[in-house]
């Protein structure tokens, strides 16, 4: 990092690694490393502790000088279930995929997941074996969720580890109450309006900066409203109320349901309801 006009190597306690990954928008910590892991040079280390900062020529245990992050979230979905709203929880960072294994507050964690995926409320949580075992490694997490968070990324993280198994004491799968189609509100027909998606028991709007024609095409098709004509932004059909979804849908355009599109998180949400996304469909299939 830059310190007093010069680039120095950082030496930090393990508790700071998560901050480094998230500050760089690189996802979450996979591993932390000693000074030699990525090579060494003559630059001094900036020692960053919980209460002090100083420089030194070495960086030794219990401090670390390198970190491997997951990369930003590319996808979050439920797999091996009967539909998109039940199954094993799998998260993808670039080319890395992990099945989540939650060690604490399983019902609260699942409640947030169901809302985040637009799948209603949680019905039950299950062990890894319930949805079948495969070679996907488990990301053992200690997310402490209250149940009111918009996404699991907003839950406080207390522990993490990569493992090949998920103990029967922990939960790796979830069954949600079910998927609700998106809706178009405020328009002059059921086939035009402000885009709203189900988030738990409420409806959330989408940010126009994170919404494109392919996602709109899927919505028009799913609502049996023909083809997409336009996607006016700037709350064209009036401002919504309540939640603004902090995720983006990445669609190919031929999906039958919006739920089948890949979702990515936007950690720094700057949208307001003045930026609500809208769709105008042709109204003819």
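Note that Cβ sites are derived from N, Cα and C of the backbone, with glycine treated the same way.
Nobody curates TrEMBL annotations by hand; they come from automatic prediction.
Annotated disulfide bond per TrEMBL: 145-155 (among others), in sequence order. In the structure as shown, the Cβ atom of residue 155 (disulfide bond) sits within 10 Å of 22 other Cβ atoms.
Feature annotation from TrEMBL assigns disulfide bond to 207-271 (among others). Taking the Cβ of residue 271 (disulfide bond) as reference, residues of its chain lying under 8 Å away and at least six apart in sequence are, in sequence order, 207, 208, 209, 210, 244. In this structure, residue 271 (disulfide bond) belongs to neither helix nor strand by DSSP; it is coil.
If you look up TrEMBL, you'll see 220-281 (among others) marked as disulfide bond. Take the CB of residue 220 (disulfide bond) and look out to 10 A: across all protein chains shown you find 23 other CB atoms. DSSP gives residue 220 (disulfide bond) a helix state.
According to DSSP, residue 261 (disulfide bond) is assigned to coil rather than to any helix or strand. Over all protein chains present, the Cβ of residue 261 (disulfide bond) has 18 other Cβ atoms lying within 10 Å. The disulfide bond annotation in TrEMBL covers 251-261 (among others).
Annotation comment: TrEMBL describes 76-177 (among others) as domain 'SRCR'.
For 182-282 (among others), the entry in TrEMBL reads domain 'SRCR'.
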Cα-nearest neighbour of residue 261 (disulfide bond) within the listed disulfide-bonded residues, 145, 220, 281: 220
Residue distribution over DSSP helix, strand and coil in the domain 'SRCR' (182-282): 19 helix, 34 strand, 48 coil
Fewest Cβ neighbours within 10 Å, where candidates are the disulfide-bonded residues 251, 281: 251
Residues of the domain 'SRCR' (76-177) by DSSP state, where helix covers H, G and I: 18 helix, 44 strand, 40 coil
